[in-house]
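*Asks:* Residues or ranges marked as domain 'Thioredoxin' in TrEMBL: 136-254, 255-368, 370-479. The feature coiled coil is assigned by TrEMBL to 464-491.
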Amino acid sequence: MLEGLANVGWMDCGTQGELCDNLDISSSTTAYFPPGATINNKEKGGVLLRIMFFFSRKDHLAHHRWLLFFQFGENDKSNVQEFKKLKFLLKDEHIQVGKFDCLSSPTICNKLYVYQPCLAVFKGKGIEDYEIHHGKKILYDIVAFAKESVNSHVITLGPQNFPGKEKEPWLVDFFAPWCPPCRALLPELRKASKHLYGQLKFGTLDCTVHEGLCNMHNIRAYPTTVVFNQSDVHEYEGHHSAEQILEFIEDLRNPSVISLTPETFVELVERRKREEIWMVDFYAPWCGPCQALMPEWKKMARMLNGLISVGSVDCQKFYSFCHQENVRGYPEIRLFPQKSSTAHQYYSYNGWHRDSYSLRGWALGYLPRVSVDLTPQSFTEKVLNGKDHWVIDFYAPWCGPCQNFAPEFEILARAIKGKVKAGKVDCQAYGQTCQSADIRAYPTVKFYPYQGTKKSVLGEYIDSRDAKGIADILNEKLEALQNKGKRKKSRNKDEL
């Protein structure tokens, strides 16, 4: 069991009594002499009256949580001085703390590709389920890392456990420890791994240690994050945050943006149905602004799902086609509206901001409006005296938040079409109407349900500016009204 780890011998204290006395051994026991230890120099190495737990008992390591300090020689000062404090601070997480000298067992450290002092967390889920710490070697950074690591699902990879063509998909982060963005990404990977446990495995590969493996995968910059799904390989494009990583994975499962070829562009965009609208991003993979746009473009596509179709054309791959389409710079964002007499009509986006909300607001301006503008007369006739449920956006044209909310309200109007009518009142033009409705801030959203009689001008205040959130509130209110009506009918029947 200890072959390759330590020399093993035995001593008969019956015949070697003086030697056993010098070692303070009075009963049968096992002693460990680390490198450099002598009988007379106990301060230098001492005699440890225990068997080294590590790797000689792999099952113990594989089924228990450990924070291990790998050091090179007993005089190695790379570990923190507050060793005992760590044991106390990590006991609630059931993490044991230990040390391992790589000079005494170089084979083990070589197998783990540990060539310099470091610390690692073994998560109790197998000998290869561990993560090396690349942050600051100060007490509370180590404690935070250990707690994060054992509760997440990121492991350190090497040639021995690098994903091949397994059935389970893997997200692999190729990084270098000296790279600040790489170190900033590691805790975000841990956060993301918790949300995707059982769906996607997470691993990190140190390219300063495994240069050959990184070269094999054509890694040219750090960090480079890649999703391996059997034969499919997808390089991550987006900000280094858990939220963006989760969005990227969701987009791989359910693509919100259609990758267009010259053939599918003709089929889907140019020959689109009369009521269809398309937005297309003409880009080049090497273009920095294109790379910055991509996550926002995908986010915008998810927000416009069911309203506007969204695609992209790789102009590096289809250069001749993009040239034919008169694309002169990247990214080129075009909107192809509902068909008129000109089939190939489009509008180019020239806005300064290329975030998802700005792009969505611009695109929604080309959709036929579902909400209606109300005057004082139509507000009284249709909303207060009418027999429909209404949701009203009270706004002012000069109000920035109102302008930002306008596309959200239009999405709401489409979501509730057929159940609740949507209207807008300009409080700059019709101040008296807004004053009578007790409007004190812009935008203000109010619900005017029809319950068989004239509605109150005050309405019901809706405390949300999110289309989905407002739609959920309205659906709850409609359900409550429906149940109230059923109870009223039931009482009337009982009275009869």
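Going from the start of the chain as shown, residues are counted 1 onward.
Keep in mind that glycine also has a Cβ here, set from the backbone N, Cα and C atoms.
Remember, TrEMBL labels are computer predictions, not curated facts.
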*Asks:* Write out how many residues of the domain 'Thioredoxin' (136-254) are helix, how many strand and how many coil, based on DSSP.
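*Replies:* Going by DSSP assignments, the domain 'Thioredoxin' (136-254) contains 46 helix, 25 strand, 48 coil.
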*Asks:* Per DSSP, how many helix, strand and coil residues does the domain 'Thioredoxin' (255-368) have?
*Replies:* 40 helix, 21 strand, 53 coil
*Asks:* DSSP on the domain 'Thioredoxin' (370-479): how many residues come out helix, how many strand, how many coil?
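*Replies:* Tallied per class, the domain 'Thioredoxin' (370-479) gives 44 helix, 23 strand, 43 coil.
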*Asks:* Any idea what the model's mean pLDDT is for the coiled coil (464-491)?
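*Replies:* Across the coiled coil (464-491), the average pLDDT comes out at 84.
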